[in-house]
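Noted in TrEMBL for the protein shown:
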type	residues	note
DOMAIN	20-67	domain 'Anoctamin dimerisation'
DOMAIN	149-261	domain 'Anoctamin dimerisation'
DOMAIN	301-356	domain 'Anoctamin dimerisation'
DOMAIN	359-947	domain 'Anoctamin transmembrane'
TRANSMEM	367-394	transmembrane segment
TRANSMEM	449-467	transmembrane segment
TRANSMEM	526-551	transmembrane segment
TRANSMEM	571-590	transmembrane segment
TRANSMEM	767-793	transmembrane segment
TRANSMEM	814-832	transmembrane segment
TRANSMEM	906-936	transmembrane segment
């Protein structure tokens, strides 16, 4: 199931006609959508110029409206100059020329209803869709795909074989080698039988459906050595849909058009230097650097590709098509998307393994690596979740026999505790009132938790090392193990600096003019601004934290004065719970601010490449969210307990601004439960209820507008059926259903745009959870269990979003999970320190050890509660009582000593033991982690052997292929030379018989032609040009043109879209 699919295509690849051009042969690799509006002429002109630039790069184009009517197409030409049709067919022309077999032009090329003016779309937002966007989309019914506005136009793109082979070599795509008949074959190594594998066999999917795909030898594609590769008869099947979409996305983002090509510039947008991107991919590699540098500035005046056009409203969207989903509107065969819907993006498959190979085949390596990591992480949570349950149950079973609980609950009525505030309304209380709190604390504060923290620290390192090995295995299996980081082209926003009079220079690596940002004059101030802003937001988070602390103090002060003893005893718990809820709300609020602020800061930094931009944004957002989520937890664990004051102090309102009743572990437990578990439950309930509410809203809105919408269509329609009854009846049966075309284009247009970082929020959410589980597990042993349960639903929920709610994303090929791997490393290191500090300073583990082995008379825990309590004179309080002394939690001297209320030697003894424990814990854990990292190699032994084995087989295949190709070329050369010599002799004899003189120069030229390469003899350059019918006047009976021809429907060649312009007298479409 985890085999790579880089060698052969999936057997479930869809062949639905909606995925193809009209000829049924060329597949739609990418779709551009725009609105057919009466906007400025410049918008249409810029659109046509951009499509022309695509056509020059061997990209084939078909343009249709939302009803399937043809508006434009590419034509094949041998000429260098652009030729354009000047007319557009209309109803009158089609009906008058019915005997000419109008074919697919039988429907109007104009919209069937008047088109209102449509404002250009707003600039696209590269951020991932918000949760509200997903809820709105999930609430929509399937029928909404037919509610797409009639003025939408879809530009279908198909990368030709020439374009794909060029960029496959440029992007270093590894493709399968031809398996020659020499017995060379890369066989999958059979897995060893294992009882554990047989035990988890029930978790695997049906192999009859999720078919494993065999591995084979691959090699970086070479344009000059195509004979090495296993190219099928249908060459379009050689590249997968993901590879084709990746190539087209690469072209679209880097293709521009020169500003001087714009016509009618009186009222047009004047492109600036900010619109540049140099399309250097198809440049001559042998051209000199000097000539290249001279043309840099001219090439830099081009408008940037699809990103700029979408932001300007020229296009509305750009996306590759999903395969049909198989709903009632578009019934289809079983395909990859349906497979993923049923066996991956479904809560019924909650405990089934993921079809990672098919995820990679359908979405690419970036998406597959995320779900592979998430599945691997979830699987590794299982053993520590079980261990956490055991630790928690151990604490639960030990409650009855625990001596500390016995002293608090059974003997606590004899211990008189001091009031918790200075006010007269605060009463003395007995220790037995904290019985429930002590029991809850002892569930997690015992020796098993300490052992669990040690195991968790080692687990974090082992998990990291095992994932690196798994990552290498997947990268090798998916043919990205040897992926080299390419020199990334500059970002459009970076190139926009040229329009701001920014200094520029030639990049020595790329050879193109790029902005140059001076370090001291521009870079340092920007870094200072970014650092200052991040520091300010951290201070803002701490300010909110102080507000929450003050809120808890106020609640305690109010409840302590309550007359009800039960309210007074539970005042600390009420303040902790409500304060945690308030903190959770502030976390969500600050998250919204941080997301927008981090994007603005990263934009100001002017990063050159997209990778640098994404890494900087990731570090900022994770740092801010780290402070946002963990600041309150760090405060409770390590700071709040140190703020305790001596009871009865005149300078503080409440006896302890620290932890309630001197115990911080309980508050930390409550804080973790509410923030971690509460966030997960709230998100799940929100995702379940919001679609239902939105569905009710859409249903109510549609009921109100249904009658008005029907009346509007009756008035504005052109009676399509009556006007086309004649021409439609002339069509063959297979062409009469063209009105239903573009269902997939319309359906995907209504889906959510995944943005440029569709997985960012998912990674961020999992990293926050990973931090909760690894750094604070001593206070919450059940955290791995809740993380495991959440991840089981998270995998299916994220899968449903990608398959059903988002457009098909296009992401760069990757061989790792990127910068998130470094974040995992840092968290594993921090986890060792936090676990040690929580055990030492938050729990009472060190206190119990010091008492048992130093101060206990019998070596047991008997008398430990009395050991931790100090004495206080009741005269310090304004509350009448018969007792002379009260007790409070601290290691201070009694009032009858020479220096009352100061820390005793026991306090310093315990404090020293805590520091020693932290040092020992950190040292031992660090040594063990380093040993583990050194002992576990990053590359598995099996993968190393497979690499060597594949290298040997690949070398043998290439050697045999080269030898065979050389023999074939020699035979062909001899045959060609023999035929030429024979033809020359016949020509020579004819010339002699006709008494013609033979020119020696002709013979010499003929002799030189013998050495001409056979590829040059047979080659013929074809250039694709885009021809549009969109903005031209309709054809009438009096203005018909001979240039407009109708294809032969019975011809097996493409029915439309190509015209042979090499012969001006030939008007037939080919």
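Each residue, glycine too, has its Cβ placed from N, Cα and C.
Note that TrEMBL annotation is computational and uncurated.
For the domain 'Anoctamin dimerisation' (20-67), the mean pLDDT of the prediction comes to 83. Highlighted: of the candidate stretches 449-467, 526-551, 571-590, 814-832, 906-936, 449-467 has the greatest count of Cβ pairs under 8 Å to the transmembrane segment (367-394). Broken down with DSSP, the domain 'Anoctamin dimerisation' (301-356) shows 18 helix, 5 strand, 33 coil. Panel annotation: around the transmembrane segment (449-467), residues 373, 376-377, 380, 384, 387-388, 391, 395, 773-774, 777-778, 781, 824-825, 827-828, 831-832, 835-836, 838-839, 843, 845, 921, 925, 928-929, 932-933, 936, 938 of the same chain, lying at least six beyond its termini, place a Cβ under 8 Å from a Cβ of the stretch.
It is 814-832 that, among the stretches 526-551, 571-590, 814-832, 906-936, forms the most Cβ pairs under 8 Å with the transmembrane segment (767-793). Helix, strand and coil counts under DSSP for the domain 'Anoctamin dimerisation' (20-67) come to 16 helix, 15 strand, 17 coil.
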